[in-house]
Amino acid sequence: MPNRAYKYRIYADQPTAEFFARCCGVVRLVYNIALEQRSSFWRQFRKAEGKNISYPSQARELTAIRAEVPWVAECPIDAQQQALRDLDQAFRNFFAGRAGYPKPRRKFVNDAFRVPSSRVGAIAVLNAKWARVRLPKIGDVKFRYTRPISGAVGNVTVVRQANGWHIAFSCAFEHETPENDNPPVGIDRGIVNTVALSTGEMHAMPPSNLDDRHKQWQRTASRRNSRSKRQAKARRHAARIAAKAARQRLHWQHLTTTRIARRFGAAVLEDLKIRNMSASAKGPSKSRARTSPRRLASIARSARRRGTASSGY
């Protein structure tokens, strides 16, 4: 059964936002400590216990830590257990060859925590604009209700982004593939034109001045005193502009792909490594021998601006 996410903006007051930040910090700490334990102490654990470190063993240790450390117990245990489950799944993917070795979570990059729907109250729609939901150890959380939710809610995630706090509901819904007798189409992705169809149509993402504004604020932040309040303010401005540009690219991609899906029965894409086009300008030694770093950086910026980098796999 497929899942669909419904994401809403939370207009939290100062105490609620601070509690969200503490929960994100505790969840990140639990994840990183559990990762360090699995990476550095797995031999000692297997020698002492006769088995490998797993989610049940780390969950029992988490319960003991919560009994001794009050500020860890302040955060919902469901969110901390979800972090341990994420780490356990990350190692399963690594040993199965589906992903690389798990990496530590970083502050301001992985600021989020997730709780299961069984610990979340029912969503109460207040009016046409607002709704609220009750989270464990937090209470009622009011969010901007922009579209109705359909399907069975599985998990609820609270995440901090550059423009504020958001809440996302992961919902499972039944979906039947409709009959589509429309002809297939070939899609080519590039820099000048984001999408080129085999029918001869060209779709290019509209230009925006947000990238120039983002670069300007980045330069402003680099000129200000290190770790000062003015530098932090400039970095917040740059992050908000970058987040807005990312939302614009995602919006354009959704509109374009929806139009293509409604007109054609199947879409065939070229095997193009988009991530390599938007990789570091230095790149491997062979790439540096063929193309200058400045040229590679220009290609990477163009791929990001046109939405090509975020539409690839």
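Cβ coordinates are placed from backbone N, Cα and C, and glycine is handled just like the others.
Sequence annotations record features per position, and here TrEMBL assigns compositional bias 'Basic residues' to 221-235. The domain 'Transposase putative helix-turn-helix' annotation in TrEMBL covers 3-46. Sequence annotations record features per position, and here TrEMBL assigns domain 'Probable transposase IS891/IS1136/IS1341' to 174-279. The region 'Disordered' annotation in TrEMBL covers 204-235, 279-313.
Note on the domain 'Probable transposase IS891/IS1136/IS1341' (174-279): mean pLDDT across this stretch is 87. Residues of the domain 'Transposase putative helix-turn-helix' (3-46) grouped by DSSP class, helix first, strand second and coil last, total 32 helix, 8 strand, 4 coil. Across the domain 'Probable transposase IS891/IS1136/IS1341' (174-279), the DSSP tally of helix, strand and coil residues reads 53 helix, 15 strand, 38 coil.
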